[in-house]
Amino acid sequence: MSKIPVIVIVGPTAVGKTSLSITLAKNFDGEIISGDSMQVYRGLDIGTAKITPEEMDGIKHYLIDVTDPAVPFTAAKFQAETRGLIESIHNRGKLPIIVGGTGLYIQSVFYDYGFGNASEDKAYRRELDQLDKTTLWQMLDQLDPKSAELIHENNKRRVIRALEVIHLTGKPFSEYQVHHTLNEAYQPLFLGLDLDRELLYERINRRVELMFEEGLVSEASKLYDEHLVDVPAIRGIGYKELFTYFDGNSSLEEAKELIQKNSRHFAKRQLTWFRNRMDIDWIQAGVSTTDTEAMEKVKTFLASK
């Protein structure tokens, strides 16, 4: 069976992935699968820079607004859903295009990636849940440094699961993770967008300003009023900082500046992930040749299939 060609567009937040994905979809008869772990949630629109129907410009998109914030959409679920979508899109004669910045989710699609399918120990999990996120992450770092490198301290649920698997199996959680062999079903072209660091940070700061103008405070306030502040999906950048403001522990300007700062740090982590974990063909973003260069790479890739 021939491998399914898939275009994958990755890069840090605010670098221009969405625009490029639309261009490629129009030129190569593609359909787009979102590779963003936050855009799957309904009601998280402004804070996740979710693509609008107008921006979709008639291109079919998947894995956007598929579940409520209180219902976790895990990497394992993303892997299963995306693999099914790739096959469906390909079988209809279209080109599957994945676009996003969630490295773990995207990588899981193309590599033989396990998720620690050990059974549960609810009592142990409750015990861990009483600890603060910093203590938990430090425990993981001592027991399994490789996993600690890949799981952010703020992802408390994921850190707890890693510790639970170690507790149950006696093996590092990282052993269940990536095997660096591509899944035989797919032939991906990984395109990465990069931008001068200062220019990227300027874009991020402007994007946050625009989010506030578009109503981010109101969007976060609705989630706050619905008592969703402890839901893992809501603890993402752009929401958690405003919850601190709603609690009276910061000013609105301080919350905005913290969102900008955290977004810049997140972009740096994204770039580190993609550069260290995936074999990516990098393209300079924000220049007149960005789209043309990407299209030439896709043409060459498809011609070789």
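For all residues, glycine too, the Cβ spot is worked out from N, Cα and C.
Features of the protein shown, as given by Swiss-Prot:
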type	residues	note
BINDING	G11, P12, T13, A14, V15, G16, K17, T18	ATP binding site
BINDING	T13, A14, V15, G16, K17, T18	substrate binding site
REGION	36-39	region 'Interaction with substrate tRNA'
SITE	T102	site 'Interaction with substrate tRNA'
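Here the features listed in Swiss-Prot are placed on the structure.
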| residue | record | DSSP class |
| --- | --- | --- |
| G11 | ATP binding site | coil |
| G16 | ATP binding site | coil |
| T102 | site 'Interaction with substrate tRNA' | coil |
Cβ atoms near T13 (ATP binding site) (within 10 Å, other residues, all chains): 19
Integer Å distance between the CA atoms belonging to T102 (site 'Interaction with substrate tRNA') and T13 (ATP binding site): 10
Cβ-Cβ distance under 8 Å to V15 (ATP binding site), same chain, at least six residues away: L193, D194, L195, L200, R203, A267, A285, G286
Tertiary contacts of the region 'Interaction with substrate tRNA' (36-39), as residues 6+ beyond its ends and Cβ separation under 8 Å: 47-48, 50-51, 63-65, 73, 75, 78, 100-102, 104-105, 233, 236
Separation of alpha carbons, T102 (site 'Interaction with substrate tRNA') and K17 (ATP binding site) (Å): 12
T102 (site 'Interaction with substrate tRNA') and G16 (ATP binding site), distance between Cα atoms, whole Å: 15
Neighbours of T13, A14, V15, G16, K17, T18 excl. site residues, C-beta within 8 Å of centre, substrate: G11, P12, S19, G101, L193, R203, A285
Environment of G11, P12, T13, A14, V15, G16, K17, T18, the listed ATP site - residues of the same chain whose CB lies within 8 A of the CB centroid: G101, L193, A285
